[in-house]
């Protein structure tokens, strides 16, 4: 290592960004601003960092340095790596303009590349999938999700496709940790038959036995279901075996006898050789498929000139490691700042190590206590070891930010007592785990900033309803909940001050629905964007704009706009002849028709904007109330339209209006979070990281960490993690769980928990759960509410304890009792809530839709060859070339015209006549033109060349001249058939256009008139392109078939004077 690396542990709310801004400001005194490199976890954090750093420089009178800081490499790790790759792309032999696949589109493009691979592997994998009945775990999708996850893990850990065989082998070998084998005394060949016989016998024994309703009777139903499968010749899946070994039986002897043989026969499932064989075969097949998918995906990206975020990281790492680039990199990078280092993946740690080697000094800032993204390939052990190790090896200074600027003293005290002992057990020093100072003071108007709420109710839905009652009461009685309005000041709360944190998305949807049902506005992502009426209306309008024959779409618009006076009028209109009656029910139907006429001039997303704004769909939607949320949903729909166009650009597919309608409807989009300050925030603990609110309500304290069954592939490391070689010895472990929803009592669940891998996984999950709860509680500025429900289980809080017997945190169960954390008492307000009917606390703001006129814009690009018109006043002159081209039969004139254009473009009078005729013959044959002799076409060419020599003897002839120039707000783009330019000392040029028109002389002027605007556009484009140095003195239509050149001159209809050029 050549550079010094200082590290900073920044606890939540201790002014980490302020510290970074200060460090960068000091650094710029000795390092050029453009040589600063800083990475952040999110784009938002990067924007905040650079703007605050620039603002500080401006405040200090260092404006020029603030401007130069815009050239610094500050952004997310992928943004910074993208800059590095772009700057060194040519050195790598790559295009600097490679299109980067947005993260949200990667899965879609991967699926596109993988579809042929999936088709090849499906026959083998599907049989194993069904045998293991992995589809019972519905939340995890199908086998293709397993493949995609392996591909993702391989990308994150730099594992090549060819090396996936090693992961498959190690995964199979690892099954021995928890899967037993038959003993020598057992005969597995009879086990399938034993279970089949036992099931039949149980049904016979049950006849006449009074079974317990809640146990034996239900078990008999399960036995009969299994027997039905066997009777139909179907095999029992492994989840079927799991259910058979977990049958519930009453205590009566005769009931026990009914199911005894089934329980005994099914109990061997975990050590059944066929189960082991199925699991091994499935593991091997999925890894083989994943390797082929990786190969196909790489080929797809090469073919389309694409790279994804993983490629950016790998290419940047290659650049940083190549010795020939070191000098240039040292010139470019003077200081490095790494934010949120604890959330780094192994390849990112490898990048940071290389940057530390190149830069004279680096600063790594993070908080191991907030490492909560294990599912995103982060490695907490690696990042912690790397931070400690690199500081020690380079002589860097470790620092700690331990003064809370965010929370009230009562909250800080609780955080210290709740979490510090657990963090110390994880290996973090107490000094780095606790707050030492608090900047804010306690609010004298509040007895305690801590509250405990208990929600009565047996089911989660009832408990969510009780939470809604509690929040409604908080909003109705705001006096006990003052929130900060500056240093030690307070103000009444507004709904946006409140955040309800949930364990997962399902809990978010449930709580958000309960709050919405109670009349409380909610800022939360919710299911069903396309079930929102405003989006349904916009989509129907989009479909009818795309296809006027789509009566279903038109009827959908009419139904949604039907109102309450005649809600079924649209239905009677559907039955009428034609669509006229339906259109009468759609007030903006004429606007949609106008938009339809302009489809070819607009992109799909632009058409959507026209539909929403110009046609008034957004305005009509807002009249239904809940205006802000409806506009947010429509805005998300606009975002999906832009995403669709980006996907089309990446894949090379055409972007069409009907394609957009299909694509956005197929997207499993959620409704966006409301941005209204009068909305209560509901989100997961994970998504709350980096944010803060005045009041934080922590729910789901009864949830347990998810460790078993192992559903998806995970990253494994052989031996101890070496922070200096972060990507070595990594592989992917995949153990599919074979017993479906039977997650305990199936033998292997206990064996897995007792295995080395199981114990490690449980320990890591428990530790991450502690860190996640720490993140949640430390989001609060003024108040924290801890919630229990039902029986009051607090399994999540139990993870804070040193042992499972002695609780570390004890929540009160009645008013007047304290909360106990680490043996210390904390005063709390305790309230028990039940589901009820809260009052409406979110009055609807009025909305008035202003009328809008539809703006009609000319197309951006003008192709002169597409401009045709019979309008305008012109004069015409005729120059006879004295010779026509004889035509036999009826050739296709368009093909003849294309052929003659090509012949006139390449004909060279200096060549031998035979060669010229042979070229003309080849071109005519290529266009399939018969009935015209090549000799005649060459003769016509000679007549034309002679005419040019006589008419413009000093001119320079140029053929097929490309032209690109602005005409006001439009761009003229095309190719001129023939341009004659005067010599340098003469300021003229003329334009010719070849037309294969075979009509009579009385039709010549009319045909030339149609193409006059085209010639005018060409003339204007040339004058613009050359800056007006020369002017057009003539525009001509050459008709070689009739042997005539027609001059076209525009006239002023009022004065009769000639116009300088054709307009």
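Keep in mind that glycine also has a Cβ here, set from the backbone N, Cα and C atoms.
Over in TrEMBL, the protein carries these features:
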| type | residues | note |
| --- | --- | --- |
| BINDING | 10, 11, 12, 13, 14, 15, 16, 17 | ATP binding site |
| DOMAIN | 1-408 | domain 'UvrD-like helicase ATP-binding' |
| DOMAIN | 409-690 | domain 'UvrD-like helicase C-terminal' |
Field: Sparsest-packed of the listed binding-site residues (11, 14, 17) - C-beta count within 10 angstroms
entry: 17
Non-site residues, in chain order, whose CB comes within 8 A of the mean position of the CB atoms of 10, 11, 12, 13, 14, 15, 16, 17 at ATP: 19, 367, 401, 404, 405, 406
Message: Applying a 10 Å Cβ distance cut-off over all chains shown, what neighbour count does residue 10 (ATP binding site) have?
response: 23
Query: Under a criterion of Cβ-Cβ distance under 8 Å and sequence separation of at least 6, what residues of the same chain contact residue 12 (ATP binding site)?
result: 367, 369, 370, 404, 406, 774, 775, 778, 779
- request: With an 8 Å cut-off on Cβ-Cβ distance and a minimum sequence separation of at least 6, pull the same-chain contacts of residue 15 (ATP binding site), or say none.
  value: 401, 403, 405
Statement: Cβ neighbour count within 10 Å, max among the binding-site residues 13, 16, goes to 13
Message: Averaging the per-residue pLDDT over the domain 'UvrD-like helicase ATP-binding' (1-408), what integer do you get?
response: 91
